[in-house]
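K.L.:
Among the features that Swiss-Prot reports, active site, nucleophile is placed at C91. Among the features that Swiss-Prot reports, [4Fe-4S] cluster binding site is placed at C327, C473, C524, C527, with the record citing similarity to another entry. Among the features that Swiss-Prot reports, compositional bias 'Low complexity' is placed at 1-13, 59-68. Positions annotated as compositional bias 'Polar residues' by Swiss-Prot: 15-25. The feature region 'Disordered' is assigned by Swiss-Prot to 1-28, 58-87.
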Amino acid sequence: MAATTSFSSSLSLITKPNNSSYTNQPLPLFPKPFLKPPHLSLLPSPLSSPPPSLIHGVSSYFSSPSPSEDNSHTPFDYHNDEDDEKPREECGVVGIYGDPEASRLCYLALHALQHRGQEGAGIVTVSPEKVLQTITGVGLVSEVFNESKLDQLPGEFAIGHVRYSTAGASMLKNVQPFVAGYRFGSIGVAHNGNLVNYKTLRAMLEENGSIFNTSSDTEVVLHLIAISKARPFFMRIIDACEKLQGAYSMVFVTEDKLVAVRDPYGFRPLVMGRRSNGAVVFASETCALDLIEATYEREVYPGEVLVVDKDGVKSQCLMPKFEPKQCIFEHIYFSLPNSIVFGRSVYESRHVFGEILATESPVECDVVIAVPDSGVVAALGYAAKSGVPFQQGLIRSHYVGRTFIEPSQKIRDFGVKLKLSPVRGVLEGKRVVVVDDSIVRGTTSSKIVRLLREAGAKEVHMRIASPPIVASCYYGVDTPSSEELISNRLSVEEINEFIGSDSLAFLSFDTLKKHLGKDSKSFCYACFTGDYPVKPTEVKVKRGGGDFIDDGLVGSFENIEAGWVR
């Protein structure tokens with residue numbers, strides 16, 4: 001368990017293929033200056049660079065539309081009202097070592113993680129000739145890859161990424177994995193999380209001559225590795241990560257190694273598994289392991305670096321151990337119900353949250369329904385505890401897709417009706433309890449209430465399977481500015497009046513922590529309390545047009561000096 005495992009800051013544990021282990025000698029410490037990069041070839045552009053295969057062994061293929069294609073209908077042109085109601089997932093990462101079908105397995109695993117990002121997808125493999133080969137593209141995994149593209153990605157190890165932008169604009173150049181050539185060879189990286197000191201690091205690197213090709217915070221990591229003087233290779237990664245603040249679960253690939261890293265607080269999940277042929281697999285969730293028939297072994301521990309090569313799996317402490325602060329919203333909303341996250345079943349957590357709601361906030365009703373899909377398991381728990389039947393009162397159109405995790409906000413009026421259709425026979429004349437996972441701005445909840453009343457519901461009682469969200473997240477989750485969060489501005493009674501329900505109740509924060517028991521101190525609750533484990537140096541602010549800024553490069557920010565005030 002991540003919450004109970006500690007590491008020595010000076011020792012390295014090596015796991016051999018036969019599962020025996022021994023301890024390495026203590027590793028030397030290295031200075032960490034910001035050096036001027038001599039000759040870097042980071043993230044070569046397909047338009048301006050020499051043939052990628054000639055740059056430090058990096059081969060790059062970008063699946064972007066040709067100039068002649070009609071690009072007017074991209075995935076980013078569509079958005080609806082449900083977007084305002086959900087904290088949007090960050091990203092998903094996959095790493096595979098030791099399987100001749102690495103690219104195809106990576107492709108399948110990314111399918112399993114598609115719910116974590118729909119803007120773009122990419123895979124990097126290492127060919128038999130030790131060349132890093134990349135295919136990235138905008139859109140869903142199935143839109144970016146096909147059989148012919150996977151044929152261009154041979155090799156026995158690979159990393160993959162599905163993207164939702166929390167830092168950096170939505171464009172092809174920001175789609176990961178990123179690949180860079182530097183003086184010691186080539187490296188690819190896929191990152192889930194968000195770096196709160198990104199702007200500071202980027203400014204320091206640019207002042208010393210670094211040239212950036214993207215607006216993503218992940219590129220900072222590659223520059224830090226490139227300028228590091230530490231040896232051997234994994235120490236360069238440790239050297240770079242010790243300068244980072246915030247959330248990061250990352251997988252790296254080089255010509256002969258696969259590396260997995262998780263930040264010392266363990267904000268975002270990262271798990272390790274193994275296939276029957278011995279191939280090692282890393283993924284953001286266990287659902288990805290299940291799909292490719294890899295057996296779950298354990299989490300990558302907070303603050304751990306795992307290096308996989310021909311000699312086995314080596315574990316190294318990243319930096320002194322902190323008390324883990326794992327994102328509680330992985331259990332409330334982000335992860336799939338069939339995943340095991342932070343050592344707990346997501347399904348069981350959500351079911352218990354629903355049971356708690358039924359116990360703490362009962363109401364006379366005839367039927368329990370869910371806002372699909374994320375509210376279903378909690379609604380089942382509520383129904384089971386209350387003894388009231390669960391029925392499918394809202395039907396979700398899955399053909400629309402999870403468009404709320406796409407940042408464009410051009411279509412807002414038809415979102416709820418486009419995605420959710422009421423079942424009049426379930427609702428008409430009934431007192432209805434509606435279970436949802438969260439309320440962010442409140443706009444979608446009000447429209448759902450109105451939709452149910454129009455379908456004949458006699459009463460509508462909203463039950464929310466999480467505490468009120470009162471503060472923005474800076475650790476890899478796209479949330480609005482605090483001034484746009486309805487629970488930060490209004491009381492529960494005022495929110496109930498705003499959305500038009502007959503009653504409204506949230507999961508109690510104290511009861512949530514009580515349910516987590518001895519592990520309660522291992523979770524991050526910043527979105528519920530405003531108490532940040534790693535203080536953000538910039539605060540999200542509402543843009544004049546009504547949009548919020550969550551990009552670490554574009555837009556204006558207000559500095560905060562003396563802690564967080566909500």
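In case you wondered, yes, glycine gets a Cβ from its N, Cα and C as well.
Bear in mind that the values here come from a model prediction, so they are computed numbers and not experimental data.
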K.L.:
Note down the number of other Cβ atoms within 10 Å of the Cβ of C91 (active site, nucleophile), including every protein chain shown.
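P.N.:
Around the Cβ of C91 (active site, nucleophile), 26 other Cβ atoms lie within 10 Å.
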K.L.:
Sort C524 ([4Fe-4S] cluster binding site) into helix, strand or coil using the DSSP assignment.
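P.N.:
Going by the DSSP assignment, C524 ([4Fe-4S] cluster binding site) falls within a strand, counted as strand.
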K.L.:
Using a 10 Å radius around its CB, how many other CB atoms surround C473 ([4Fe-4S] cluster binding site)?
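P.N.:
Excluding its own Cβ, the number within 10 Å is 24.
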K.L.:
Using a 10 angstroms cut-off on Cβ to Cβ distances, just flag whichever of C327, C524, C527 is the loneliest among these binding-site residues.
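P.N.:
Fewest other Cβ atoms within 10 Å, among the binding-site residues C327, C524, C527, is found for C524.
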K.L.:
If you measure C91 (active site, nucleophile) to C327 ([4Fe-4S] cluster binding site) at Cα, how many Å is it?
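P.N.:
Cα-Cα distance, C91 (active site, nucleophile) to C327 ([4Fe-4S] cluster binding site): 14 Å.
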K.L.:
Going by DSSP, give the three-state secondary structure for the residue listed as 'active site, nucleophile'.
P.N.:
strand
